[in-house]
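Colleague: After the structure tokens below, expect a handful of questions from me.
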Amino acid sequence: MLPELLQFILSGMTLGAMYMLSALGFSMIYNASGVINFAQGEFIMVGGMAASFLSAAGVPLPLACVAGVMIAGLVGGLVERMAVAPARDAEVASIIIITIGVSMILRGLTEILLGKRPHALPHFSGEAPLALLGATILPQSLWVLAAGALIVLGLSLFFGRTRIGKGVLATSYDRLAAQLVGVDVRRVLTLSFALSAVIGAVGGVVIAPISTVAYDTGMMLGLKGFVAATLGGLGSGPGAVFGGLFLGLIEALTAGYVSSAYKDAVPFVLVFIVLVLRPQGLLGAKPTDRI
Amino acid sequence: MRFFNMMVGVVCALAIGASAAQAPAADPVKVGAVLSLTGSASSLGDPELKTLEMMVDQTNRAGGLLGRLVELVHYDDGSEPGKANVLAKRLIEDDKVDMLIGGTTTGASMAMYPLIERAQIPFISLAGALVIVEPVKRWMFKPAHHDRMVGQRVMLDMKARGYTSIAMLSDTSGFGQSARKEMLNVAQKVGITVAVDETFNPKDTDVTTQLAKIKNTPGVQALFVVTFGQGAVVVTKNIAQLGIELPHYETSGVATREYIRLAGPAAEGVRLPAPVLMVAADLPDSDPQKKLSVDYVREYESRYQTDVSSFGAYARDAWHIWVNAVTQARSVDKAKVRDFIENTTGLPGTSGMINMSPQDHLGLDISALKIVTVRNGKFAIAD
């Protein structure tokens with residue numbers, strides 16, 4: 001019984017770490033601009049695809065991974081400059097629709113440029129599964145978990161300790177006030193897109209050896225990330241971490257103890273219930289209206 | 001200026017004259033295709049289109065059909081059946097094609113069929129499900145074995161090896177779910193108990209939860225995974241991760257070299273029913289399917305620098321069924337060609353020996369599928 005439960009939990013945590021990285025990207029952009037970026041899943045995909053292509057072309061694995069992440073970051077920044085910034089005076093809903101368009105374009109471009117076939121990266125440290133109290137875990141899953149933890153740590157340092165990080169936070173609280181005290185709001189927006197693309201791409205790169213990556217991989221991961229971010233509370237960093245891990249665990253436990261047929265329905269039912277009972281999400285701050 | 005205009009006119013006239021002199025006497029024969037080149041089924045539609053373009057070139061290089069060149073008009077349905085219907089209408093009414101190939105997916109083929117029947121035009125579908133040929137539809141044919149045959153082939157192999165209680169893991173896509181139903185039916189008929197019946201989303205990145213359940217169910221003797229593409233790779237890797245020793249069966253949907261490449265050593269020993277295409281080089285020279293399969297693989301791979309798949313091979317067979325019928329009918333008259341397609345007998349294809357009849361628009365029997373296994377990173381005939 002115990003090894004089975006442990007297996008479900010390990011599998012849920014790996015999934016959850018992926019959802020968490022996707023959710024963090026959603027939250028970061030939502031904070032900086034109030035926009036829900038539906039191209040987040042595509043950032044994950046671009047990172048994974050770029051890394052596997054470079055690796056297949058003979059670039060050493062660590063270099064390919066770093067380059068893949070940087071390419072995704074560049075794409076993220078470009079998306080903000082070319083598609084979102086020109087519409088900055090438009091309503092939030094319009095910008096959200098723009099991000100949906102961007103996601104289609106990124107998917108289509110990848111499909112045309114890099115092909116429709118799935119690609120895989122080599123495992124970072126071997127494929128031999130590690131045994132743990134009767135359950136097994138791939139070394140690569142540990143990489144996924146470690147990458148998730150490192151990103152969370154890095155982000156908390158970034159927001160708590162750096163000037164530019166504090167600038168992003170200030171912009172999320174009050175754009176006009178931040179501008180008045182000298183924060184370059186435009187740069188903050190570009191940065192938040194680039195950064196959320198980097199976060200997503202790290203996820204895309206570490207998961208690619210396990211799950212393979214194709215031009216349409218981002219859709220489901222993006223959607224689940226959005227659900228995770230909403231569950232935890234949109235815009236809340238701890239909320240994204242909690243929402244992601246919670247979602248992964250719930251999925252694995254539903255598949256394990258109820259039926260795998262309901263696995264994908266549970267997150268969406270859950271988000272529905274949360275939105276009705278607690279619209280700000282489980283860890284989100286209660287919205288206050290300015291008078 | 002006037003002189004210049006005149007010169008342009010003369011040059012144009014010469015150009016037209018020259019091209020007219022090169023063209024054959026009659027208009028080209030037009031073949032229409034609606035394929036899924038983008039969207040979820042694009043990995044199927046892509047080799048289909050590549051194959052059809054290669055077939056058109058081959059036919060034209062060999063002098064065309066009935067002394068006329070052949071022209072392919074193709075559209076992409078984006079893996080949406082609703083769009084396939086509109087595109088079929090365009091092919092029939094605007095492009096005035098002489099026959100139609102396509103419907104990469106079952107949904108698209110079925111959505112197109114009402115129009116096909118009204119227009120009375122021969123139609124060869126490339127999709128997998130049984131519903132395309134059962135009940136028989138007058139104008140629709142199919143060169144690809146269907147999911148029930150795949151199920152029968154797998155279950156018979158299991159039975160022969162003495163497995164009576166198995167676990168099944170199917171994906172939640174249209175293919176996975178319709179195939180799952182067929183497999184359950186077949187299992188019941190041959191007396192195999194499906195002790196565990198689990199599903200997964202083909203986009204899942206981890207299926208260890210379902211597999212752990214299967215692993216911990218006592219009495220299970222074999223595992224049958226009903227999926228294709230990326231999903232199969234994830235499942236296969238997870239099986240290796242959990243150290244599951246059960247005999248592992250897949251459907252013909254994973255009969256691609258890409259599967260072996262992506263799943264790596266985890267794919268060793270996997271058993272699946274596959275069209276002979278994948279193991280053509282191992283066939284005896286006397287086998288009528290050998291030469292054409294080997295030729296197709298060689299030409300496709302040298303032309304496109306990419307691996308063949310069984311989906312492209314269905315398009316190849318579809319093309320040959322039609323060419324064979326047109327040659328016999330000595331015309332592209334739609335009704336005549338339809339009759340000759342229905343009478344296709346003893347035509348070797350990459351999927352098997354094709355013998356159609358008014359009751360059978362598929363023309364393949366279960367022997368067309370061979371049980372193959374992955375040995376040293378290659379497909380090999382099992383046993």
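Using the three backbone atoms N, Cα and C, a Cβ is placed for every residue, glycine included.
All TrEMBL annotations are machine predictions without curation.
Straight from TrEMBL, here's the annotation block:
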TRANSMEM  A:6-31  transmembrane segment
TRANSMEM  A:43-72  transmembrane segment
TRANSMEM  A:92-109  transmembrane segment
TRANSMEM  A:130-159  transmembrane segment
TRANSMEM  A:193-214  transmembrane segment
TRANSMEM  A:226-250  transmembrane segment
TRANSMEM  A:265-285  transmembrane segment
Colleague: Could you check whether the transmembrane segment (A:6-31) and the transmembrane segment (A:92-109) come into contact, where contact means at least 3 Cβ pairs under 8 Å with the two residues of each pair 6 or more apart in sequence?
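Modeller: The answer is no, given that the two segments have fewer than 3 Cβ pairs within the 8 Å cut-off.
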Colleague: Give me the stretch from A:43-72, A:92-109, A:130-159, A:193-214 with the greatest number of Cβ pairs under 8 Å to the transmembrane segment (A:226-250).
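Modeller: Between the candidates A:43-72, A:92-109, A:130-159, A:193-214, the best contact partner of the transmembrane segment (A:226-250) is A:130-159.
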Colleague: Taking pairs 6 or more apart in sequence, does the count of Cβ pairs under 8 Å between the transmembrane segment (A:43-72) and the transmembrane segment (A:130-159) hit 3 or more?
Modeller: no
Colleague: What else in the chain is close to the transmembrane segment (A:193-214), if you only count residues 6 or more beyond its ends and a Cβ gap under 8 Å?
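Modeller: Contacts of the transmembrane segment (A:193-214) (Cβ under 8 Å, skipping residues fewer than 6 from its ends): 14, 17-18, 21-22, 24-26, 28-29, 37, 40-41, 43-52, 65, 68-77, 79-80, 84, 116-124, 138, 140-141, 143-144, 147-148, 151, 155, 221.
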